[in-house]
Amino acid sequence: MSCIQIISSSQTSIAGHRKLCNKLFTLRTQEGFETDILRALNIILTVKKGNSNADRVLRFLVTFVNYLQQKDPEIDIVQPILKHILRGLDAKDKTVRYRCCQIIARVVNCVKEIDDDLYNTLKEKLLSRVLDRESIVRLEAVVALSRLQEDTGDEENDVRNILLFLLQNDPSSEVRRSVLLNIEVSNSTLPFILERARDVDAANRKCVYARVLPKIGDFRYLSIKKRVRILKWGLNDRDESVEKAAADMLAYQWIENADNNLLELLERLDVSNNSDVAVLAIKKFFDVRVDSLSQLEFPEQFWLELTAESSLLARTFNEICIEKNYTDLLDKMPEVVQLTYYIERQYVSLRDKSSYDESCFIIEQLLYIGLSQDMVDEIGRRKLLKSLTNSLSTMALPDSLISLHIELLRKLCSSENDFCSLLVEIITEVFEQGHSQNQTEEQGNSNAPELNKNDYEGEEITVSQKSPSPSLPPNELNEPEPDDMDGYKEAFNELRCLSYVQCLFENITSSLNENLYMVDMLKTLIIPAVRSHDLPIREKGLECLSLVCLLNADLAFENVPLYLHCYEKGSVVLKCTAIRTLTDMLIQHGKAKFTEYEDAISSILFEALGEFENAELQTLGAEAIAKLLVILHYRDELFLKPLIIQYFEPNTVDNHALRQVLGYFFPVYAFGAHENQWRIATIFCDALLSLLEIYRDLDEDDVQLSIGHIAQQMLDWTDNEKLYERKTQTGDDYIALNHNVHLHLANMIFESLPNASEGKERKFMISLLGKLKIPTDLPSSDYQRTKRKLETYESHGFTMDSTSLSILAKFERMLLQNEEARSKFEETEEERLMENAEENEHAGAEAISGEIIPDTVEANMEDEEEVYVKQEEDL
């Protein structure tokens, strides 16, 4: 067999490639051997992607090159092949460029050494091909170029830099995946690789967890921040395959790196600062390794030597057992009496400043366990209640523990009234501890009030007007004056009491008028705090007042001016509190209650939405408006256009929170109700013209999103086929909702065209007509109305280019065809109805003329006549 015949035989099957390699190897010394190899490659170059025969031939040739290098290294066939194929990298035919890159990628992989000149030529050519306009060419060029990577820390590494650029910016997900799999992992490339865990393509995200991260080896090479971020992204991914890949990586590879010790793995995640991710990681771990759950044991010594990691593991184990209904495994959890003892042990540990944070974290996990207990043990319930009450009264706990203590306290109390009574006693005791008797006498009023439900006439509480000074280094601290210390203690005590009050109102639902304790709290603590000159106290007081306002509509109405004033004159924190409170009050009590303040509330929401210098406040304003529109339809016509503009506004491109809020809001709003979709269509043109004006003044480098993409997104919101309820029933028929929304949109476009600037903007608005979905079964009057608007626009005599004229002519023909078809249908339908009416009328007349009186009716008439005659005779 000749060389060409052997190569031709390789296209039938891969199974015989080894034998064919041996046969071809015997011909290596023949004259023209190299030429035959190149001829075979030339044939492959013109074969399009997907041809299995060409792929098998190429695979055979690569196998032979590798085989030849092993058997006879003196024969160099690689250099001639590469030099020959390099000539085709600049070909006009995309198939040739694709095959050339593919051959280079396969052949270079077989080479251990390469000539410097050839290396530089290859690199130069491939650097241009990775930017090819065809994605299939870029894909193979990336594979080929990755073989030329140099393991250097030089920032001027051209190959690495271009691969990183493609990894971040290439529009093709397959090209990005190719870079991801082929780029070398190093300190300089690792951040870009991990970034692909947030890729828009699910296959790429899965690739990070299933193929790239295992190549790194021990996860401890990653920083704690990177470990937590990787787990958070993967385990929360919306795609099930990505989530499973991340869970498998955790449950098999990472646990193996931690010597199959779950506690050691948790130690590497810094659970004290990343408890949410750690809890999720444990749950996913046991989802994959279900058998390991029953193997966990919690002996007495475990509870006596709790750490942050072990306490979190116990809490998560308890939650899993409850969620999965593993009642037999729940027996491993301690009883309420034992749990109380373990909590009290950690209270003692709080005295040690070195372990304070860890002890707080452990107490938090034990309280979570307590929240899930059934509390049927009355002795245990009382002990735990006493322990929590004592800790709240005597210890300065962080806010996170205060909220959990009070939440558990609410569960332990039999009724809401008992809960309020108990917590009022605790607050009274805490308040008295922070105010000395001497201070009370000097002030001459009841500064430490007895919070009694029979006493509402107490004076306002006053606190020091001195704000705590900024912290200083230890060597610069001076001994504070006694008066200053008293002021600090009072302010701190006030904040502590207000934290208790805030948690109290967060855990009750009864009306303000039904609970006298709440009225007491309002008068003696909250109102004085709102009037305080200490900013932290005033902020906390306003938060507490907002919770009270949610329980009483009249109180909410009375305090609207206060929160409006807070927004106008207050700090950023107060502005955020004001927006949240006003929004919650509108949602809770209804917009009808606050009609008087509609303009004022709308004004501050507008102002917040335009706060470009404060991203948090701007996001909060957008979120508040979005809630009001979805839930209450609060002044849709006023807020909808500004929201759309802010969503696409170039200045908000870095405000990711705002984009996320609005990105969720618009589909929910548009597809949730057909009325909302109609509103979007109504303001479509006004919003788009405003955006055109904004984008007109931008430089090309500042444009993040083209106006065409913006219009396409807005058109998608007006697609009636995506409505949650697409049809409504009227009688026995179903009518499609918003069936004519795009015809309505066409009317709005014609009305807005005179307002658009001549040239590109007007041409762009006209081009939208070709993207509308106009149904053919609307009433003919609808088409006539749109046609009249088109004729009105044409009568203005605006100058238009040929493309715009063509679009308008095509749209007009479509309207005429639909109108004529529907007119004929309506005439036919009208004639049919008239015929049916005439037939029914004729049938009714025949029935009346041929009607016969029944015998029973005649008999009744005769009886009535006889009775009448008899009555006359009697008279």
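Heads up, the Cβ atoms here are built off N, Cα and C, so glycines get one too.
In Swiss-Prot, the annotation region 'Disordered' applies to 459-485, one of the ranges 432-458, 459-485.
Swiss-Prot assigns the feature region 'Disordered' to residues 831-875, out of the candidate ranges 696-740, 786-830, 831-875. Sequence-distant contacts of the repeat 'HEAT 6' (379-418), counting only residues of its own chain at least 6 positions beyond either end whose CB sits under 8 Å from a CB of the stretch, comprise 335-337, 339-340, 343-344, 347, 350, 360, 363-364, 367-368, 370-371, 426, 429-430, 492, 496, 499-500, 503-504, 506-510, 515, 517. Sequence-distant contacts of the repeat 'HEAT 3' (117-154) (same chain, six or more residues past either end, CB-CB distance under 8 Å): 49, 79, 82-83, 86, 89-90, 94, 97-98, 101-102, 104-105, 108-109, 160, 162-163, 166, 170-172, 174-175, 178-179, 182-184, 186, 188. Remark: secondary structure over the repeat 'HEAT 4' (157-192) totals 25 helix, 0 strand, 11 coil, with classes taken from DSSP. Mapped onto DSSP helix, strand and coil, the repeat 'HEAT 3' (117-154) counts 25 helix, 0 strand, 13 coil.
Restricting the average to the repeat 'HEAT 4' (157-192) gives a pLDDT of 92.
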